[in-house]
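Structure record follows, encoded as structure tokens.
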Amino acid sequence: MDKKSFPQFAVFYLDLTCYNVPTTYIYLVKIYKEGATIFMTNNSFYLNEIWSRTLESIGTSGRVDNFVFDNFYKESNLVDLNEKKALISVASFIHKTLLMNEIDLISTTLEDILNAPTKLQCDIILEKDLTRFVDNTNEVNIIESMDESFDSSPLREDRTFENFIVGDCNRESHSAALACAYNPGNLFNPLFIYGNSGLGKSHLLCAIGNYVKKNEPSKKVYYTDSNKFVDNVVNSIKLGKIDAFKKYMYSIDVLLIDDIQFIAGKEKSHEIFFSIFNELVNNRKQICIVSDRLPTEIKGLEDRLISRFSSGLSVGIDSPEFETSLAILKLKMSNSAFESRNIDEEALSFIASNFNRDVRQLEGALNRVLFYAIEFQKDDGKIRFDTATNALRGQVLVSDKSGITVRKIIKCVSEYYGLTKQQLTSKTRTKNISTARQIAMFMCRKLLDLPYIKIGEEFGGRDHSTVMSSCEKVEKQSKASGAYLQALNEIEKIIKS
């Protein structure tokens, strides 16, 4: 076999062949899009090369503390790889715990390095247990490239409603997800959950799927992200199987799609997804979609898809406020190898107050404190406030503005004026609703210092000039009317309480 047999080979394959190692030592699977995927090998040369690239990408991502990366990640090894699973060995239980806390980052980075067509499950084991896990065979097989499967990506079984921490930041999205899981296809269809990365959107998506699979096993649940969906469309067209793919998708009872924003600009995929969407909704099959922004803010998304996505229920998730952050940290402690360690409430409160941009940041800060306590604390082992501050010295603090979020501002303003939150973010332009909306936008700008475009996203997809004009009107009116200024002060006091 030579490179000419695969004219569209991936760059990674070409890089490896420059070492003059026989190509038969590499498993090859399926030609996808503009490249092939290198997969399935237990040859140490390729495993080391793959893992070296993976670590390099993780190290430059900014997601892992430099000290932890240098002393723990760099001491790990990729020891086995197949089309569904990667096996990583580490020296100690502490190594394993720290890597497991970022297992999603490791998996997605490895998938990117491999140009993997499906999600990889990453298992981390201790080196002393290695011989029980590694396949002893040294033979290499070439997987037939035309064997395509439309199977769902695996659901994370550890993501359930039971271990999802509910707070003001995510109460609406949690309730909506529960409703869809309890009665799929009959309430909110589609359900569209939006928010920044690391806030729990994918957790809710998996929780819906896990609940339905457990309580209604006869229903067919399909979980994927938009990248894999596009891959399936492209591959189906190449293989002349697009009708088979659509027929397969029509048979699904609950469709769960993550990161739908990446479908933007893919015209053929838009067409296929539009057909699937209509078929499922018309037959009362549940569709749940996750994105990092509102449908109206996804550039390159066709108007007809924006209309369909907006026809159900759209709910957002905010950064966790203090109480939710504290509850998340306590849950992480109870589920970790360090549950027996005694940690002061004051130490947890420090983390919850200053590292609450998203759940990943909370987990990262907690891991650093636990590591610091193990490595450097020589007293009774109790993790106190000073332990946390010393461990996190020099880290970027992200204050939660005393628990103030966009969601809280909308809630307080709508209640003050006797409106619903939906009215405040709607397109309705009656005087009382417009006045309340302008004040809510003004408070978002004043108390959170959010960019105008970000505020617009939170208020029904309005552009930055509309938000800027609203804020200017509030400032002007507050100088002209004492009663108006008094109302502003009262609202601000309520928000800060």
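The backbone N, Cα and C atoms fix where each Cβ goes, and this holds for glycine too.
Per TrEMBL, the features are:
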type: BINDING; residues: Gly198, Gly200, Lys201, Ser202; note: ATP binding site
type: DOMAIN; residues: 187-321; note: domain 'AAA+ ATPase'
type: DOMAIN; residues: 405-474; note: domain 'Chromosomal replication initiator DnaA C-terminal'
type: REGION; residues: 1-145; note: region 'Domain I, interacts with DnaA modulators'
type: REGION; residues: 374-497; note: region 'Domain IV, binds dsDNA'
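For the domain 'AAA+ ATPase' (187-321), the DSSP-based tally of helix, strand and coil residues reads 68 helix, 24 strand, 43 coil.
The local packing around Ser202 (ATP binding site), expressed as other Cβ atoms within 10 Å of its Cβ over all shown chains, amounts to 20. Least packed by the Cβ count within 10 Å, out of the binding-site residues Gly198, Gly200, is Gly198.
Surrounding the centroid of the Cβ atoms of Gly198, Gly200, Lys201, Ser202, where the record places ATP, the chain contributes additional residues within 8 Å, namely Gly195, Ser197, Leu199, His203, Leu204, Val290, Ile317, Val359.
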